[in-house]
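Trainee: Please find one structure pasted underneath; my questions will follow.
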Amino acid sequence: MSGASSSEQNNNSYETKTPNLRMSEKKCSWASYMTNSPTLIVMIGLPARGKTYVSKKLTRYLNWIGVPTKVFNLGVYRREAVKSYKSYDFFRHDNEEAMKIRKQCALVALEDVKAYLTEENGQIAVFDATNTTRERRDMILNFAEQNSFKVFFVESVCDDPDVIAANILEVKVSSPDYPERNRENVMEDFLKRIECYKVTYRPLDPDNYDKDLSFIKVINVGQRFLVNRVQDYIQSKIVYYLMNIHVQPRTIYLCRHGESEFNLLGKIGGDSGLSVRGKQFAQALRKFLEEQEITDLKVWTSQLKRTIQTAESLGVPYEQWKILNEIDAGVCEEMTYAEIEKRYPEEFALRDQEKYLYRYPGGESYQDLVQRLEPVIMELERQGNVLVISHQAVMRCLLAYFLDKGADELPYLRCPLHTIFKLTPVAYGCKVETIKLNVEAVNTHRDKPTNNFPKNQTPVRMRRNSFTPLSSSNTIRRPRNYSVGSRPLKPLSPLRAQDMQEGAD
């Protein structure tokens, strides 16, 4: 462990008693935001084409990588305006009264979009509606131009009757539009609703009318894509993400390595091997997988000894990913929490104050880890059945993506040793099963502290990382108050909680 040099201490007279662990850090080149102006993502497509599925999944991904994003589903606004849905007649293009109501709902939703992007620190809004007419899309473009929003269209095109029928039965039967209705009646009414939309549907025209717009067409659930005039970095990320996801049934298994020697000693980080109980877990994991009879299962590990030893016992091929390595604790590697608190009391307190943003001196933060793990998420979205054997912090980040957890919850998600999380993607989320393999292990979980700072203790300076925090419904924007080589500003007060949907329109 090395502290700051004497010259560094002399240059920082306000901190002469404690080594400055952070002066050697380089500034990160990432900007504070990933967008240079607010973006409105506009869904397009007939009902039962997966628009809400894409909207929710894309929003979950963007929030996870740190771009505050929110879905505005027009069906929710319509159901607020019209409390009882009677039949497909409401969606006929010659139903003038209904057309007025639907247009008014769209205008109200767009006003909420404006408030979110201009007043609530939002960066991306997803307008989840059919938007099948050129008139509607032109109205949205005019709205965006007036408010200086970028627009990116996502059109979902599907002509496979089996996919459409499956979507109706899986999602629409449970829609608020159809309380207490049987499947046959729902299918009949919804197919007639689709026919109503087909009368006025004008797909995006990349060769003429819409050639200057930015958009992606997703054809038959990802069989083909058409991309047109991508404007910026965030739009390219959206395109890349949409080209990697699929809807085929699969299961993702997440677990930590077996208990390690350092786990027994209470030490963090390092590269120790498995304990006796850790090896027992590896054998129990092998038996579990054999009983499951999982087809074409891929196994991924980190490059650390404890995950590799766990995978070796399975008797199957596995792939090692360096980016699955545990969070880098920097100068605190191979120390216990008690040792960290004694040797670096301010660092210990700072991490308790804001665990997601806190970066170990010479190491990583959870925020850094999310960025590092993005390729893993992309690859998981492309794959079928996968078992990921990783580490506590890594598993928390992966779980936060699949379970749509925010920055406040992520660092405190419970990921006990010798426990498997079975994740099964469903229509608008992810089903989770927790399976304990009945092999004892130490508890490595630390609960969130209730009081970060005693009243008689000087609050520790908050240190913001260089790019946007993982977004959540309680998005908090705090100014940077410490840069390398400059005197910190006055300490921040403890963070307080901020007060901060689906279907066809």
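The backbone N, Cα and C atoms fix where each Cβ goes, and this holds for glycine too.
Pulled the feature table from Swiss-Prot, pasting it below:
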REGION    1-20  region 'Disordered'
REGION    2-248  region '6-phosphofructo-2-kinase'
MOD_RES   Ser29  phosphoserine
ACT_SITE  Asp128  active site
ACT_SITE  Cys158  active site
REGION    249-505  region 'Fructose-2,6-bisphosphatase'
ACT_SITE  His257  active site, tele-phosphohistidine intermediate
REGION    445-505  region 'Disordered'
MOD_RES   Ser466  phosphoserine
MOD_RES   Ser483  phosphoserine
MOD_RES   Ser486  phosphoserine
MOD_RES   Ser493  phosphoserine
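So that I understand the layout, could you describe where these features sit and how close they are to other parts?
Mentor: Cβ neighbours within 10 Å of Asp128 (active site), excluding its own Cβ and spanning all shown chains: 30.
A sphere of 10 angstroms centred on the C-beta of Cys158 (active site) encloses 18 other C-beta atoms.
In the structure as shown, the Cβ atom of His257 (active site, tele-phosphohistidine intermediate) sits within 10 Å of 29 other Cβ atoms.
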Trainee: Need one number: mean pLDDT over the region '6-phosphofructo-2-kinase' (2-248).
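Mentor: Residues in the region '6-phosphofructo-2-kinase' (2-248) carry a mean pLDDT of 88 in this prediction.
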Trainee: If you measure Asp128 (active site) to Cys158 (active site) at Cα, how many Å is it?
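Mentor: Pair distance, Cα basis, whole Å: 17 Å.
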Trainee: Roughly how many Å separate the Cα of His257 (active site, tele-phosphohistidine intermediate) from that of Cys158 (active site), to the nearest whole number?
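Mentor: Computed Cα spacing between His257 (active site, tele-phosphohistidine intermediate) and Cys158 (active site) is 42 Å.
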